[in-house]
Amino acid sequence: MVNLASAVIVRRYSSLASLLVLIGDYVLTCRAEFRFIWGSPINGVKYIYIFARYFALVVQTTSFFISQFYPLARPPVSPQVCNVWFMVLLVCCVVQLAAFDAVLMLQMFGQFPLPFGAWAREIGFDEVCSVTGTLHGGDVAGGVGVTVHLLLFYIIFRKRGGESEIVSFVIRGGAWCFVLVLSMVGVLIPYSYMDRTANPYIIFIWPITFFSITSSFINLSFTDVATIEFSPQVSVGSLGSQPEFVVDFLTSSLEVTNEPPPTESLTSIKAGTLQFYDPSDPKEFSAVDPDTSLKTESEI
């Protein structure tokens, strides 16, 4: 009974602490959110931010009240209730991770214009809804997650030679995201194996919190970098939506222009001299005297 009581206390305080961390991060970043997210037209990137931020708040708030009150407040809890709530937290954590990865995918694409039901029924739970028995698939899922994020970080890291501040920010953000995922896997999986249980209020609640905070931080910081580096009218939503805002991540350059790309050659007549403009060397002009046969009768 002492172990059950301590497990309930751990669950309650873990849920409360993760919710407080999420709320604290929201309070610290609310001014930046109103400036960059709500202060300008909504676009796809901002939808991801809103979802990553407020989906986690809803999940954590719901989880907190369920852990403090009915039906998980007092053991024993029926296995059916444990199963349902475990699956809900699992799906929410995966969805939050999808939003987390969507931010990384958007950054990566910005650089390169480029049987479950049976398994769920066989999961065993104890009186406080921790998974018991042999933990199948945890190490595999963790290894796959680390491998996928390592690949994403490698693709991002290849662009480290870029001169733009945005490129440097993407590199730093990718490194932080990879370290976060590696830390989550490195802590949660050994913890579950040592205890021979998988407490959903540890293995799901905390990743949801940190994935939400990181996704929101990357979105806000990326918008801030774009606003500082370019004109105030340019926002993160301009990527791919405003034709005058060109980000070329295939090279290490970044260009903002309102002019159409130059053609193979541009000609102009100035002071009676025909000038040919070479796009490969904008400073060089070749001048040729105009053909006298083109003179008008008045000039003759």
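Note that Cβ sites are derived from N, Cα and C of the backbone, with glycine treated the same way.
Taken straight from TrEMBL:
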- 13-58: domain 'DUF6533' (DOMAIN)
- 48-72: transmembrane segment (TRANSMEM)
- 84-109: transmembrane segment (TRANSMEM)
- 140-157: transmembrane segment (TRANSMEM)
- 169-189: transmembrane segment (TRANSMEM)
- 201-222: transmembrane segment (TRANSMEM)
- 280-300: region 'Disordered' (REGION)
Segment confidence, the domain 'DUF6533' (13-58), expressed as mean pLDDT: 88
DSSP-derived helix, strand and coil totals, residue by residue, for the domain 'DUF6533' (13-58): 39 helix, 0 strand, 7 coil
